[in-house]
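As recorded in TrEMBL, the features of this protein are as follows:
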| type | residues | note |
| --- | --- | --- |
| DOMAIN | 1-221 | domain 'PRMT5 TIM barrel' |
| DOMAIN | 227-396 | domain 'PRMT5 arginine-N-methyltransferase' |
| BINDING | 255, 264, 265, 323, 351, 352 | S-adenosyl-L-methionine binding site |
| ACT_SITE | 367 | active site, proton donor/acceptor |
| ACT_SITE | 376 | active site, proton donor/acceptor |
C-alpha cells in the first residue's frame, strides 16, 4: 500500500516532485520484497495526467509485480435523467471514466489493474455492469458499508450482496477495510468451534472476523458454476489467438473446446430441421432423400446435429462429411462406425476446394466462422464449395456479420 498523501497532480510543484520521488521509492521497495501487488492511492481529482505518466514510466521497468489503482465505486451520470456519462461536463463524477482515462494514459499495460472501493451507495446496474469487463483484482469494502441484522451481526444490502457475488464469480479478491463498526461479544459460536481448553480460549479473535465470516457465508451460498462456465474459466479475460485451420491441422483438444459449445450446435440442429422441412414436404418423406454436405466436418459434431435433425423431422438424409485434417478423419471414421452410420455418412478426406462431388447438395453446412468472422478463411473456402450446392440449395449459415 502506497502512502495516501501522494498527489502527483497537485497545484504545488514541490508536492508534485516529492510525490513522484516517494512513489518511485516505495514501489521499488515493494518490488524488492517480491510482493504480488502494490496498491496505488486513488487520483485526487478528475485530472490524473501526471500521475498516469509517472505510473506508466514505472511500469516499463517493473518486474512481475502488479499495480492496483484504487478507484472509488461512485455514482455516474447514467443514474440521472439525461444519461450522460462524461465526468468532464461538470456533472456527477464518474469513477469508470477516471479509470478509463488513467489506463489509456498508461497504454493499457497488462500489469495495471483496478481495486474498487465499494461505498455505501452504489451506482446504477448499468454502471456496475461495466466493471465486470475490467481487470478488477480487488473489491475493498469499508466496515461502514455493512448494515446490522436482527442479531446484531454485520450484513450487506441486497444490491451489495449481488455485486459481491458477481465479484466472487470473477475471482476478485475481497478486502475488508476500516475499524469494527459492530460491537460483538465473543462466544463459542463466533469462534466457529467448541473448544474448551485454555489455549483455545486465549486465542485473540481478529476484530474484523465477523465481517470476513459474512463474506464467507455469501461465498458458501453461491450457486455452483454450470459445467460450461467451469470449462471456460481458463479462457476468461484472455484474448484468444485466431486459429488458422486451413494452414494448420488442429489438435484434438482444440476440437474438444469447440464441441463444448452446446448452444451453437443446438442452433445448427434447429436450422437444419427447418431446412429439411422446407425441402421435403410431409407427403414425400418416403420418396425423397436429401443430400447434405458438411464441409469442414472436424470430429463430427455437425454430422451428429444433422442426423439428429433428420430423426426429429422424419426426413431421410445422405451425408457427405468433408474434412482435410487426416487426424480428425480418423476420429470421424470411429464415430461413424460406433454410431452405425456407414450407410448414411460418406467421409471425404480432402480439401473442400479440391474435391469433386459426385452429386449436388440440397443443404451445405459449414462451421468456418472464427473469432472475427473470416479469420479461418471462410470466404475463400466456401467460395470453392459453392459449386457443390444446387441452384435452389440452402447454405447454413447463409451470411454473417462481424461486429465490435
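Any Cβ shown, glycine's included, is placed from N, Cα and C.
Curation does not apply to TrEMBL; its annotations are automatic.
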Once the chains shown are all counted, how many other Cβ atoms turn up within 10 Å of the Cβ of residue 352 (S-adenosyl-L-methionine binding site)? 24
Helix, strand or coil at residue 323 (S-adenosyl-L-methionine binding site), per DSSP? strand
Whole-number answer please: how many Å between the C-alpha atoms of residue 265 (S-adenosyl-L-methionine binding site) and residue 367 (active site, proton donor/acceptor)? 10
Look up residue 352 (S-adenosyl-L-methionine binding site) in the DSSP assignment and reduce it to helix, strand or coil. coil
Recorded positions (323, 351, 367), the one with most neighbouring Cβ atoms at 10 Å: 323
Diameter of the S-adenosyl-L-methionine binding set by C-alpha atoms, the set being 255, 264, 265, 323, 351, 352, in angstrom: 24
Give the distance between the Cα atoms of residue 255 (S-adenosyl-L-methionine binding site) and residue 367 (active site, proton donor/acceptor), rounded to the nearest whole Å. 12
Going by DSSP, is residue 367 (active site, proton donor/acceptor) sitting in a helix, a strand, or coil? coil
